[in-house]
């Protein structure tokens, strides 16, 4: 007689079933006729139970014929029934006979029927214990004093699969523990808690093992290596038994500099040391040879299927090729391996069922471990169990592997090859941008088509999709003058032409081309010196039609001319971001740039509780992350059907200015399931004043032109990045560059209003303090202020030292309230925590709006209400300013005359009376006791409020 112990640890990435993008899961376990369940975790798709359930086993010999069923439900109290979230069925034959042999295993959740929508996995730990030991385990004595006893009289039996599992775990423990012992760990004794830091795993590399015969292994229950989850690192979990929380291993993350191995040094960090190291099983399918012909024509359409458990990756099928080359890499996450064998199967495409050619089987335990900077593993030829040979390379690596970005991932196993590229991680670079300055001076000998009237010529400048025009010339003859500067944005490589045309606006709005010229952008000189522009030059204007010789050369007998000054202003920085979120302030010319000051390393780890952007399967999201700093953009891989993605990717940028901002955004990929090309990736959220180059201050560009040029720069960057593969789409670039920052947002309006209130709160506090002193609320303080006031009046040279000393004291006092975190986007300050869902929907709406008419009408009325209050405040401010200006404007002749008389009297008084006397009298009058104060407004206040303003001239 004994007891079966089932430890329910945690589950990961469960399907949301409550209709709100979440679930409240609990676990129910059935063994024979015994049922037990865990507690319910409310609104948690990644629950952690850490509960131990006990089941009575009468006959241990019958355990091998017992089925252990573990089912996860979503607790639904409103409908009276629970939603099915997945189940796992285990055989009692695989249960370890003692606690010391038990290990944490992760099991993928199975469906109950073909119509079930299930995902995720569950971590369990099972073992046998006799009744005496388990009674001791359930007592209150410390976990460290418990004794582990094996079941007496039961012989330990080890299946071939369990033996492979033991070998695999021993190898992982040896490799990881070897690296672990090399780390320098600072030990702390606090409540008997041992602290271990996460460390990477290392291992030896070597050539591929020789080809083995196909191995048939037991597959139930499938073993999956433990996933690095929150809590003790995997290397610790496999070496120490599970313990109570007060004696458990606590994982803490030391500072970044400590984990990188240098504090105060100048050592560069190694790749992927800021993120959790995730292991992947890589299979590189290179090519095949000597494949047999499978049809009567002697041709073959081969492809390769790589299968690990339920995950299946396919290469492209190559038509009529008996010696195909694929060069495809497949990556299977080690934490979700569902089998201990890798099957590489070569098939031939057919109209009906595909033909089998041959396969190779590998044991996961024998796969070598490769860690960069070790050289890549060389592929080898393997004989197919059929006919022909295939060249493969199989190894165990991490996300730092060179093959990781271009590999097929098991996370994207249910999408086809056409859409696979849209899920891969990629690095992009913005094109190099320049401001192109065109100074249009004059034109001569213009020939209008209508010679009966005086022309009104203007110049039209076009560069790509950018068009700028000058004002019409005021000379109105054949020699026109403009003397006007226009600016455009040019990008490398300079393949475009600058088209300059002179147009005449005729009667009825008809445009008449009086001549044009095309200038290659690469021939326009750069301007580095801000002191002068290049010399202007005369250019010939060609009419739209000319006589043509037989050899095809245009004959130009006479041409009009235009005088232009052209240059590429390489001293500016082309703004493509909003100034308050700018990540780069370097000028366009590389010769004017400052040297870099360091390296920015960013580890994109994970996200939690994302909004379900798609309605399929109860709400899901295919999330990827985009980070932008300088001209470098990075995009992580897309993780499918998860609201808590874990990317664990690391990127680096060169930093030239510390007063810059890195922008990080999360998006939902709408192109993974073959959606139309005009579909837009939905934005989920974004996390996010330095000195500009000298040219921005020597020859500043107007705000109106800056906004227009920034829009054009954004258009160029978006067009260039959308041509990459996978494309960084226009909606992503626009969101990262804040192209819609000027659009109306009720949330931003509230945030800016509260910013103003917080700024004025200090002034308000000072005013209340002064009002309390004037009203003698604290007589002692008021007397001290009188003394300080008289001292400053008698010794005015102490005023400025006193002010700066006070500022110094305030700064020292505020040191204890200094920020403890780096600058980041604050959800509370941004009013994102209290925002109404309709306000968010309005903010994320397209322009023009795509919402129903009734909803737009409601939002328009709400905007009118808010704008009406703002309008009232602005009107009051304008009224007060106009009253101040009306004092000397003779709008009210009596008020102006009275003010002039009093101004002359005060001028005489101030001239004849020492300043200290006037200051003392004014200060004592201002600090007078409340007994000498009147509640009614003073004469100057009444006089000011009666001054006229323009508010009575407005049409109401």
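The backbone N, Cα and C atoms fix where each Cβ goes, glycine too.
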Transmembrane segment according to TrEMBL, located in which of 748-781, 782-815, 816-849: 782-815
Top Cβ-contact partner of the domain 'C2' (414-539) among 1-107, 262-382, 581-705 (pairs under 8 Å): 581-705
Remote residues contacting the transmembrane segment (898-927) - C-beta distance under 8 A, at least 6 residues beyond either end: 773-774, 782, 785-786, 789-790, 793-794, 796, 887-888, 943
Residue distribution over DSSP helix, strand and coil in the domain 'C2' (262-382): 6 helix, 52 strand, 63 coil
